[in-house]
Amino acid sequence: MASYIQRMLLKKTGFHKPSLILPLWQTFKYLFIQAAFLKVAADVLAFMSPQIMKAMIMASESQPSSCWRGCGYAVALFFVVLSQTLLRQLYQRNNILTAVRIKTAVVGLIYKKALTLANSSRQNYTTGQIVNLMSADAQQLLEMAVTMNQLWSVPFQIIVAVVFLWKELGPSVLAGVALLFLVIPVNVHIAAKVRRLKKSQMKYSDQQVKLLTEILHGIKILKLYAWEPAYQRKILSIREREMDVLKSSGYLTAYSMLTLTCIPFMVLLATFGAYFHLDKENVLTAAKVFTSISLFNILRQPLFELPSVISAVAQTRVSLSRLEDFLFAEDLNPEDVSTNYSGNHAVGFTDASFCWEKNGLPILKNLSVKIPEGSLVAVVGQVGSGKSSFLSAVLGEMEKLEGTVQRRGSVAYVSQQAWIQNDTLQENILFGADLNRPYYNLVLESCALLPDLEQLPDGDQTEIGERGVNISGGQKQRVSLARAAYSNADLYLLDDPLSAVDVHVGKHLFEKLIGPSGLLKSKTRILVTHNLTLLPHTDLIIVMEEGRISQMGTYQELISKRANFVELVQNFGAERTSEETTPMEVSSSKEEGQLGRKLQQKGLLKHKDSSFGQRKAHTNNKEEVAAGGMKMSVVLKYLQAFSWRWMWLTIAAYIGQNALGIGQNLWLSTWIAETAQVSDFTEWKQSRNYKLSIYGLLGFIQGLLVCCGAYVVTRGSLSASRVLHGQLLDNVLHLPLQHFVTNPVGRIISRFTKDLSVVDVRFHFYLGTWLNFTLDVIGTILVITSASPLFIVVIIPLGHFYLIIQRYYIASSRQIRRLVGASQPPVISHFSETLVGRSTIRAFGYQERFIRKNYDVVYENVVCVYNNLISNSWLTVRLEFLGNLMVFFAALFVALSGNTVSSSTVGLLISYGLNVIQILNLWVRRACEIETNAVSIERVCEYATMDKEEPWIKSKRPPMGWPDRGKIEFVNYKAHYRKDLGLVLNDVSFQTQSKEKVGIVGRTGSGKSTLTNCLFRVLEGCEGKIIIDGIDISTIGLHDLRGNLNIIPQDPILFSGTLQSNLDPLGKHSDLELWEVLELCDLKDFVWSLPKKLLHEISEGGDNLSVGQRQLLCLARALLRKTKILVLDEATASVDMETDNFVQSTIKREFHNCTVLTIAHRLHTVMDSERVLVLDAGRILEYDTPQNLLQQKGAFSEMVAEAGIRR
């Protein structure tokens, strides 16, 4: 279906902006036409009821009245309203089915488009915006499809009603029609305002979702830097602008409610006034009045729907425009890369230049190279020289400006930042392929994953969390490599995969997988690397410099002929004296196993459970679907946020308006009854203007009360939206980091989008209309039973049946609504996951498989949505049937009463009876909507009950300038992720001196990162304590602790916004200080060359900077903080050796008077430390100077020997 619409869209391209409407119409036109016929039949039947009522009134006026004729009319009325109910529900079912299909097709279109979007277009559409298109705009099309037939049905009903009114009141009806036409421009103006407001709200919603998504993905950075309040203020600032839009929209609603309430009685007033004015002898009879009132009541519904339909059309136009802009944004050009060519080279460039954005500055210039099939090619160069861009150009991810690009065969791509799916580890490796067990095991061994599988709780069936949150960076990269290796592709593009792994693992990967004797030895491999010691073992070396190929050839050719290359190797390879990594020296799995056995013999691997516990703690949680009835506490929370003051004012306004409505009808009935009791109408004619004025005055006061009620509800709803959003945001930011590790981001995002949308737009409307309908029902029953007491006998059993149906419906509808809520996050999560990994998906050519996966998760959600909508039809049929019985019995009792009831009373009772069908249906529906939509409030409020971090600020605060020495002491410290899991740190005790440089080493899962987490209290200990400069850190607030520590993390996370806001989100530092730290990080020249300099816009996730540049910006952040304690968490894993040396020297110089804890994969970075801490399974193995540890021939000595480091 989506493919057909996509083909139709492509046909519609031309000089004008293509439209999505025509392809949708071509696809679903027969369903729309079928629904239109059902709608016409239902509308025609609606106008038969007033005619039957008129006949009953006239029959009651005849002398003598026929009881049987009255009973016949009652039966006819019953069958007419019953047929109308069935036809209307068939129409609704048809509409729902069509609407759901449209939404599914549009979501499929958006997903397909996201996979083909060019990078220049991607800059204009963040993940949050695209997710919003899929959730909000596609939903708007669904809602419009449900009500689309109202576009012609509303005018049709208005015309038919006017024709029947002309028959009753003659030309005087034109006065009412003229008034209607005067009001239409007001509704059009309001709709135009609503459209503009909707566009503004969508803009702010996009901004909020975008920022929130980035915050949640970078939550670890926010917590480590204590930046939550700064970003909380940013979110609240956007939210306040959105609230202003909602306020304006609410006030427009209040004004439109005044107009819509006043229109029916004003039309009636104008019509009756004109009726009297046209002929002084005209007298209103019960038949004329109540037939006219019933027709006006029918007229009221389309009039009420008219602004909604106009508003829905306006909102749909906005959504369609957004969707059309996105669907016709520029795609990648598959013809940029030629796959059919002659020659034996796997990849070829001829005078090719590339940029990221169309008409942007070229990033790669004049590339000319041919890479032979089966060769191993190394791409080297400094940070920002264009190495990763080179691979992107091969993949066709960049805009080609000139030249040719050639590529042959299937491709496997390993990105620099590993992309991991939220699936089992095995499925991440298979990537949709069938399992070939022998080859699969060979790939696991080649990628050094077998030891990791032993640590994971379910081996290769362990579910990996979103973005690989429950495995380490090195494990993520190895899984990514395994995925590429298992694909058995012809061409392998490897973007620095060895930077995230330990030295011994890196050597294993090169020998067993990538190198000349590895598993992929017969394949073409293009390896971006910073490890120049691998270069002698490659077939071709490409040296990148400022986007150009500066040098190219074999290692021996470049060494012998190129002085610049020799200098480059000397600069980069200064570490070779300390870190010799000849691949032939790679420690085999056997040697690694021998080392493991040695450690086991020493009693150092007895605590394997700690690693097991850590992984188990990180296993991804499935969202639980709540069960049982709605708790009254949920509604009470909403009412508290709504404010009791606004609630009591709302109740008073609603009671007043309903009392005045009943008073209006009783006044009219009494007035009309006088015509049957007098023979001389002279006195009646003299008082008619006065009585008509009273009728009008009652209606006008009622309209004012309706307007006041709408205003009060708007104020209360704004208060509730502000309070609940603020509480949700505060609760989410106070959650411990562990929660974000084990729960998908989509689950939290859905609270801020779908669930808060219910709070903002729907819930107060449902509460207000339920209260109004409740008072309507009570008033209707009182009016009917006061005139016909026997009716009470029918009301009691019918009321009982109503309650049974309501209880039965609510029990299922509530659970269906919860299933809808639970099925939405997987759609968003899969969509977000795809957007992050689309380069990898495109490289492997697996777009169709991911489109099918998207179809599956969308289908699961759509099944729940459809059942939710269709259950409403189930309810409506049964409720309206009971309402039809009410009308039947009311008419029957009137017929049986004969002449004892006046004709005006007959008209009043039957008109109320006809009205009660719709009111009772809406009353029960609103009660159900309140209960089912309360699920959204329940989901918003559930974060309040979750375990939170310790307070950010406590009453006990450290002194100013703390810590002033940087002395850290761990005392018998123990920690676990959960009480039922093993210890991840076990009896850790050590002490650093002031300004001491300490290196922390250990294998994967040894507790290095856990130690850092405990220092920052990301993980709280269960025993022991950590003391910094004499203060137990557990006694002070988290922000007092984290704000006085400093860290350069392994993952260089940036947020969209200016470069300045990324360096200094709190705004504490001057521009001069920022330029100083940029100069220290060797970024000043780069930033100065940017058009906007410090105000340069960073794209989402920092995608418009290289990984190395992002890491240097993280270093600049750390330099700004100037604290006495710095933690380096494998901070130079993503940079080349020269940049690594530069960073290390900068740190030594700028942090010489600080205590520095360094966690590193590259052992040379800790060899200059004053002391080294060796961890294994959460315990300290060794803690001494590097020289002493080397002499002791212990675990550290073995690790150094294994890495080939010579001192």
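Cβ from N, Cα, C; glycine included.
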Of the residue ranges 32-53, 692-713, the one that TrEMBL records as transmembrane segment: 692-713
For the transmembrane segment (251-276), distant same-chain residues with Cβ under 8 A (at least six beyond the ends): 165, 169-176, 178-180, 183, 186-187, 190, 193-194, 197, 282, 284, 292-293, 296-297, 299-300, 303-304, 307, 657, 664, 688-689, 692, 695-696, 699-700, 702-704, 706-707, 709-711, 714
Stretch among 172-192, 646-672, 692-713, 904-924 sharing the most Cβ pairs under 8 Å with the transmembrane segment (881-898): 904-924
Per-region confidence, the domain 'ABC transporter' (968-1202) (mean pLDDT, whole number): 84
Touch test for the transmembrane segment (646-672) and the transmembrane segment (172-192), at least 3 Cβ pairs under 8 Å: no
